[in-house]
Amino acid sequence: MNWKDVHKNFSNYKLESVGREKEIISNRVTRTGLEFADFFVHKDLKAVVLWGNDEYLYLKQFDEKLVKEKIEKIFQLTPPLVVLSRSFPAKGIILELAKKYDISILSTKESSADLTNYINTFLTEKLSKKEYLHGNLIELFGLGVLLMGKSGLGKSETSIELIKHGHMFIADDAIVCSNVFNKIIGRAPKRFFGFLEVRGLGIINASRVFGIEKVKESTQINVIIELVEFDPKVHTFERLGKDLQYKEILGVKIPYYLIPITPGKKTSDMIEVIVAQLKLMLSGYNSFKEMEEKSMEDDDE
């Protein structure tokens, strides 16, 4: 991971200076406040440096010679990339020193607060530990659904039904999972983005078949639904829905449902009901508890 990867993702940021391709190690931007005050913790910088309004106002109080000295001390730490927000003009001394010390610089019209959020999220996803799972990933009613199960149970066919119902397709077969700020983000490997394999039909391009508006690059995984062949001797299925079951992905617990596949059951409809019910449960509503309360009221009468 170096400045080229950041610029590729944020291609609307202007490349002001092309420098060395030093590896970015940290998933957090640094504002170099301590370094500007001549307090140096590290001998080199391995994080993306972000300068905005605060840094600009700080440097503005000094004469040109002292400003040059302060910036030069930062650049001597060879940061892998410096990003300038809309409040920090990319001109003069900065560009001269960037060329001298072989530092890459990007400038943008974004605010420092937005930049911090965008870049930190991007770096966290790219640098975080990954887990690869087999399944399909669809977004329903704003929630990401990881559909799992053995081959031949109709995951892809179910995904097609859900897309036709207006839901979003993210990935088929291979799901790349990342822990981003304790949220599991799922996406397709780049080379498979937008493609869906259907048994008996082959590979289809979901964006071409269903429309580009039905395909999304990534989503948070909010629920795991596993499809299994119906066998009461092997599996125990939830009947009352009193409590949520969970499975872990990269240390994060995610609501989990085990759904039996039986003749005549339309799986896509079941999944829509599950997601709608889960949204209610996450908002504090529980159908079983309401039924239990009404049963107690009837007993009192």
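Each residue, glycine too, has its Cβ placed from N, Cα and C.
The structure displayed is predicted, hence computed values, not measured ones.
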* For the record in Swiss-Prot, which of the ranges 26-31, 260-265, 296-301 is the region 'Important for the catalytic mechanism of dephosphorylation' one? -> 260-265
* Residue pair E197 (Mg(2+) binding site), G149 (ATP binding site) - Cα distance, angstrom, rounded -> 15
* To do: List the same-chain residues at least 6 positions away in sequence whose Cβ sits under 8 Å from the Cβ of L153 (ATP binding site), in sequence order, or say none.
  => L227, V228, E229, I261
* Structure fact -> Rounded Cα distance in angstrom between G154 (ATP binding site) and H134 (active site) is 13
* Structure fact -> DSSP says S151 (ATP binding site), in three-state terms, is coil
* Asked: For the binding-site residues G149, G152, G154, which one has the sparsest Cβ surroundings, going by other Cβ atoms within 10 Å?
  -> G152
